[in-house]
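Visitor: Got these off Swiss-Prot a minute ago, pasting:
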type	residues	note
REPEAT	71-103	repeat 'WD 1'
REPEAT	119-148	repeat 'WD 2'
REPEAT	202-232	repeat 'WD 3'
REPEAT	245-284	repeat 'WD 4'
ZN_FING	286-357	zinc finger
BINDING	C292, C295, C327, C330	Zn(2+) 1 binding site
BINDING	C319, C322, C349, C352	Zn(2+) 2 binding site
REPEAT	373-403	repeat 'WD 5'
Amino acid sequence: MAAIINQRVEQGESSMGGAKPALLHRITGHVARINDVILLSKDEGVWTASDDRSVRLYLKRDNDQFWPSIHHFMPVAPTSLYYSEETYKLLVGLINGNVYEFSVADDFNSMTESRKWTCHAGPISGLGFALSSELIFSCSRDKSIVWHCSENSNKMGSYLLENSCTAMVIDLPFVFVGDHGGHVTVLRIVDNQPNLVSKLSAHTNAITSLTWDGNKKVLYSGSSDHLIIMWDIGGGRGEAYELNGHNGKVTTLCAAPAAKRLFSADEHGKLMCWDMNCKRVETPEWKTSDCCQKCNQPFFWNLQAMWQRKVVGLRQHHCRTCGSAVCGSCCDNWTTYPPMGYETKIRICNDCNARMKDNPQNFNLTPLAIPHEIHTGITAMHLQETLGLLVTSGQNRVIMIWDVRSVCSAPSGSQ
């Protein structure tokens, strides 16, 4: 029978205490999937882009309800938004590869088309604006990244990837682009020329979201493989830490640099808040072997050993904490191990199980994340950390605004 280590941990509070996101508002009225949302920081409003071709701005009224102040229809469905509150400029990326720029009125009652770029041959999957260099970036499913000058609309440069672009974040001179192959390409833009710095490869499925912590110089990537990876870009040592808490495709990520938090959401409606102020441990590489590295029993593909010993081959498993290739009998123990990113139970070998039991002081099993069920898949999310507000859009076409101040201000783990 499978053993469970430190069962009390499941009922215990996380390193951030018992804080939970609090629902403040629900916005209904959309008739199609919502592809992107942006929460304003200076006004109480939400931008949305939907498959019904609409771009809407909801503002909070005196009756505490949100109503559309702007309701603009695009030629085809918008897939991505970017809004600059400093310049009142709205960028809208479309499914046909076009990018529109709008000037938004000061009273938020109208928006006027300023420019249009026909720069891609596939759906826009990411937009960005670097105010300091006056560059507008866009990436697309057509595998390309393009940047234009925001002053004269001229194309300043481009870069072609091997796979379709799925997500992008910008912190010039660096541009991070996730693709359908599960890679993150790191570019350095010098005099509008792209230079390949690195390609980060650890995911086994498409990248779905990227977010950047500029304070710690850390990049977070979410993927269809249910995994989140924290890439320590600024550390210079190539360290990467896995975060395992989702049982479905991770759809969107939001970093809260000041609070040292990470918000993630998946296709099943699970919202996670991760404590990124604690010491984490890198996951080991999985070892390869033709026999169990504990009892030496052959695995089912090791025909020679099976024939010589006259035994039936066993199925291979891996201990998640040491990476050993083991049989089922040698790893029938299950536990969480938050320092390594495992917030749900994972399989460990008998040796690691014994070490955890004999030296519990060396294995802190306190949860380092707060899970919250929204009960509908999340399609988009945006955080305004200074306000302590988070907005999500669900597969049920409902927009929810959450108060996350208690989560962000809660005490967290040690460095």
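Including glycine, each Cβ sits where the backbone N, Cα and C put it.
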Visitor: Would you count the other CB atoms within 10 A of the CB of C327 (Zn(2+) 1 binding site), including those on all shown protein chains?
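Guide: Excluding its own Cβ, C327 (Zn(2+) 1 binding site) sees 22 Cβ atoms within 10 Å.
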Visitor: In whole Å, note down how far the CA of C330 (Zn(2+) 1 binding site) lies from the CA of C322 (Zn(2+) 2 binding site).
Guide: 13
Visitor: If you draw a 10 Å sphere on the Cβ of C295 (Zn(2+) 1 binding site), how many other Cβ atoms land inside?
Guide: 12
Visitor: Do any residues of this chain, six or more beyond the ends of the repeat 'WD 3' (202-232), have a C-beta under 8 angstroms from a C-beta of it, and if so which?
Guide: 166-169, 171, 176-184, 238-255, 257-258, 260, 262, 264, 266, 274, 276, 280, 341
Visitor: Which range wins on Cβ pairs under 8 Å with the repeat 'WD 4' (245-284): 71-103, 119-148, 373-403?
Guide: 373-403
Visitor: Within 8 Å of the centroid of the Cβ atoms of C292, C295, C327, C330, which other residues of that chain place their own Cβ, given that this set defines the recorded Zn(2+) 1 site?
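Guide: Going along the sequence, the neighbours come out as Q293, K294, N296, Q297, L314, V326, G328, S329, C331.
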Visitor: Tell me the Cβ contacts of C330 (Zn(2+) 1 binding site) under 8 Å, same chain only and six or more apart in sequence, or just say none.
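Guide: C292, K294, C295, C349, N350 - these are the non-local Cβ neighbours of C330 (Zn(2+) 1 binding site), listed in sequence order.
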Visitor: What same-chain residues lie close to the repeat 'WD 1' (71-103): Cβ under 8 Å, and 6 or more beyond its ends?
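Guide: Apart from its flanks, the repeat 'WD 1' (71-103) reaches 35-38, 40-42, 47, 49-56, 111-129, 131, 136, 138, 140, 142, 150.
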